[in-house]
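Engineer: So that we are looking at the same thing, I have put the structure below in structure tokens.
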């Protein structure tokens with residue numbers, strides 16, 4: 001029998017089925033760098049508008065992990081999506097270079113080397129070198145992810161110009177009257193020996209003593225109440241702060257019950273406390289809390305007076321309704337102390353140990369000196385004697401240092417604060433507080449997901465003043481001078497601008513290197529002896545929070561517009577970078593420095609647990625890239641609901657690889673089947689079949705859905721729509737139905753050429769939608785298809801832009817054939833019947849079949865294509881409703897070329913194939 005294989009259009013493509021991504025991607029990326037791909041993104045000729053994504057800086061310490069990859073890949077997808085829409089792109093990656101983790105690394109290294117480094121300039125130099133080293137490491141690791149940005153000129157918070165910009169932002173805060181030095185309690189990390197801002201605190205479960213203590217009322221107070229004995233009962237989980245108690249806070253207008261044994265508690269809590277055995281059950285007298293105000297009790301620990309006050313923070317859900325108050329160790333206590341002019345006692349040093357103040361003020365005996373407060377609690381509880389009514393242990397959520405993961409304490413120190421509730425002048429001349437301005441600004445910002453808006457609002461509503469000062473060395477100094485004659489800071493513009501200029505030229509190391517005289521402008525140098533330097537450094541959240549100024553505003557738009565269009569970070573940044581950026585933006589410009597906030601979740605293991613080396617559940621980013629390639633990692637990011645935590649394991653990446661293969665193999669099939677197309681056919685109109693119109697309409701519907709989802713940054717929804725189209729309509733229906741024409745019709749056959757145009761349109765849309773995600777792969781697709789490049793008028797991936805399929809194909813509309821759904825329903829029923837015949841060995845495949853249908857209205861050619869049968873006819877006899885067709889073996893012979901049963905003679909080509917063979 002004659003062999004006809006060579007007469008078929010079995011086209012191939014040099015685009016490989018296997019991507020070999022880990023080998024090929026670095027070559028592609030090197031080409032992009034050589035061709036300055038990002039500069040092309042910045043200088044788009046068909047510019048439809050500008051788009052700025054402002055990068056929240058990662059910390060320049062350590063290697064990248066999968067969480068970094070998630071963040072940078074999402075940003076890259078957003079940026080590239082905007083670029084392919086036709087926008088000019090601004091995206092400058094940056095690094096946060098100052099701060100405690102680097103200091104700790106250097107201190108640990110010095111400890112191992114058994115050396116000390118008292119010189120702050122040399123110490124800062126080592127910190128700077130450490131940051132430089134890891135900045136370069138991380139930069140190269142980011143590039144492996146296929147991300148593009150201005151990596152040639154990234155921003156670094158330790159650059160001299162940047163440090164000067166941070167300082168100038170601080171100066172603006174001071175000039176607007178929002179920067180104040182205050183002695184008040186703040187979070188204190190005894191492990192770091194430094195103040196902490198709220199954003200540097202994390203909450204974890206901690207076991208603490210829970211004690212109920214009786215404070216006996218003084219004689220004069222008992223007389224006023226006309227009772228013989230009464231003790232207010234307080235509840236606390238911080239017995240170590242009892243030494244500093246100066247007051248007890250009650251709830252205003254609440255009823256307090258005095259028991260038979262003389263214990264005074266909130267009546268609303270009496271029954272619960274009696275059940276616990278804290279107090280006895282019989283009530284002998286009731287008092288309104290307002291009548292107890294200004295009475296005095298005695299602290300059983302040191303016999304000092306404790307004033308009875310009324311506080312709005314007192315609740316009646318837990319405890320006793322009487323709150324132990326130590327203004328030196330609690331923020332609410334501190335503000336209550338301002339109202340009642342209470343003494344602020346604080347005798348705990350930087351290491352969390354009792355200092356000599358306990359002796360001078362007769363707060364504790366000498367044996368407690370130098371003892372850590374947590375260690376001392378057992379002795380303090382014992383010292384309470386009969387005043388201790390109940391001791392338990394509870395496990396509760398407690399603030400910890402986010403760097404050392406050790407518990408923190410509240411400790412009153414002199415620090416610098418940005419005031420949240422101090423009115424300042426707005427651009428329109430009105431006066432508002434920072435809290436008010438920030439809350440108003442949030443309303444004008446779009447959040448993805450929308451729940452982020454309320455989350456940030458709640459945090460701003462409840463946050464305390466921002467503690468800016470840190471007692472460390474590696475950071476931007478709080479570079480102000482205190483005038484010793486007035487004990488007030490010097491905020492004169494001439495002085496502040498002189499310091500800023502020094503920082504810009506020589507870096508802020510000069511604050512440690514230069515004398516006061518050398519730091520002052522000439523007109524102030526004669527009075528240098530009257531000034532002293534503030535030696536705190538700035539909270540690093542102020543560094544990163546002012547990046548919009550240093551990157552966008554200071555460059556006057558060269559690196560993007562302010563406010564930026566989008567910022568995109570992990571959901572933990574509601575309490576970190578989102579807040580610090582918002583507050584500084586509202587101080588400097590009375591508005592948020594961003595228009596849209598997108599947040600993502602965290603990377604967890606397949607059980608939903610946080611990854612850690614100790615658990616052994618860490619998935620290595622480097623190993624993933626080597627095994628799967630960056631495009632698969634990128635697809636994994638896009639194919640997940642990033643707004644929630646992302647579960648990860650090798651299994652998930654294997655699944656993603658299957659998705660990748662589906663897209664890749666589909667593109668390979670498309671490329672192969674229009675590879676022999678004459679480029680002249682691209683410009684003319686074609687006669688598209690009903691089946692072509694069906695798939696083009698499906699493509700249009702898919703495009704609308706994907707575009708809509710991608711516009712909302714819902715990449716997983718968009719990709720699922722795209723994958724459903726590829727799997728169902730394209731692979732499941734259209735491509736199978738077209739194979740006969742593609743392989744067996746003449747190359748110049750109009751029907752075949754129309755199909756090729758449709759395949760080109762589909763490939764174009766796939767490339768457009770996948771390019772922001774699978775950028776390497778789409779670049780490879782275009783490298784291997786001259787026809788597709790000509791159709792798109794693109795020489796590479798960065799020439800891609802959205803196309804109108806109807807315009808490209810010279811079609812006014814897509815007309816899906818009538819009764820098409822009925823044909824699809826027929827196809828489904830047919831496949832069931834075909835499976836039965838195969839099992840009974842009646843036929844081997846659909847090509848052996850012929851079918852008769854009851855309705856003439858159904859297009860016979862369309863049925864033949866969709867069902868891939870060899871003959872379709874209309875039944876002469878009436879058919880039953882189910883099934884509405886008759887299936888039987890085709891009455892003709894198998895064509896040895898196309899394999900359809902249409903030949904009138906055995907081993908002879910059918911009429912269609914004979915015609916094609918004549919043309920060859």
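Including glycine, each Cβ sits where the backbone N, Cα and C put it.
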Engineer: In Swiss-Prot, which of the ranges 605-609, 610-614, 615-619 has the motif ''KMSKS' region' annotation?
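Structural biologist: Based on what Swiss-Prot states, motif ''KMSKS' region' spans 610-614.
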Engineer: Motif ''HIGH' region' per Swiss-Prot sits at which of 58-68, 69-79, 80-90?
Structural biologist: 58-68
Engineer: Long-range neighbours only, meaning 6 or more apart in sequence with Cβ under 8 Å: which ones does residue 569 (L-isoleucyl-5'-AMP binding site) have?
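Structural biologist: When sequence neighbours closer than 6 are ignored, residue 569 (L-isoleucyl-5'-AMP binding site) has 56, 71, 577, 578, 599, 600 within Cβ distance under 8 Å.
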Engineer: Same chain only, sequence gap of 6 or more: which residues have a CB within under 8 Å of the CB of residue 910 (Zn(2+) binding site)?
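Structural biologist: Once residues fewer than 6 apart are set aside, residue 910 (Zn(2+) binding site) is near 892, 895, 897, 898, 900, 902, 903.
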Engineer: Taking the recorded Zn(2+) site as 895, 898, 910, 913, identify the other residues of that chain whose CB atom sits within 8 Å of the mean position of the site's CB atoms, giving them in sequence order.
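Structural biologist: Here the non-site neighbours turn out to be 744, 896, 897, 899, 900, 902, 903, 909, 911, 912, 914.
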Engineer: For the motif ''HIGH' region' (58-68), give me same-chain residues lying six or more residues beyond its boundaries with a C-beta closer than 8 angstroms to one of its C-beta atoms, as numbers and ranges.
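Structural biologist: Tertiary neighbours of the motif ''HIGH' region' (58-68) are 95-97, 99, 101-102, 105, 130-132, 134-135, 137-138, 141-142, 156, 570, 602-603, 611, 618-619, 621, 624, 648.
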Engineer: When secondary structure is assigned with DSSP, how many helix, strand and coil residues does the motif ''HIGH' region' (58-68) contain?
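Structural biologist: Summed by class, the stretch gives 3 helix, 1 strand, 7 coil.
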Engineer: Quick one: give me the count of other CB atoms within 10 A of the CB of residue 898 (Zn(2+) binding site).
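Structural biologist: Other Cβ atoms within 10 Å of residue 898 (Zn(2+) binding site): 24.
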Engineer: Check the DSSP secondary structure of residue 913 (Zn(2+) binding site), expressed as helix, strand or coil.
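Structural biologist: Assignment for residue 913 (Zn(2+) binding site) reads helix.
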Engineer: Do any residues at least six apart in sequence from residue 913 (Zn(2+) binding site), in the same chain, have a Cβ closer than 8 Å to its Cβ, and if so which, in order?
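Structural biologist: Looking at Cβ-Cβ distances below 8 Å from residue 913 (Zn(2+) binding site), excluding near sequence neighbours, one finds 4, 744, 895, 897, 898.
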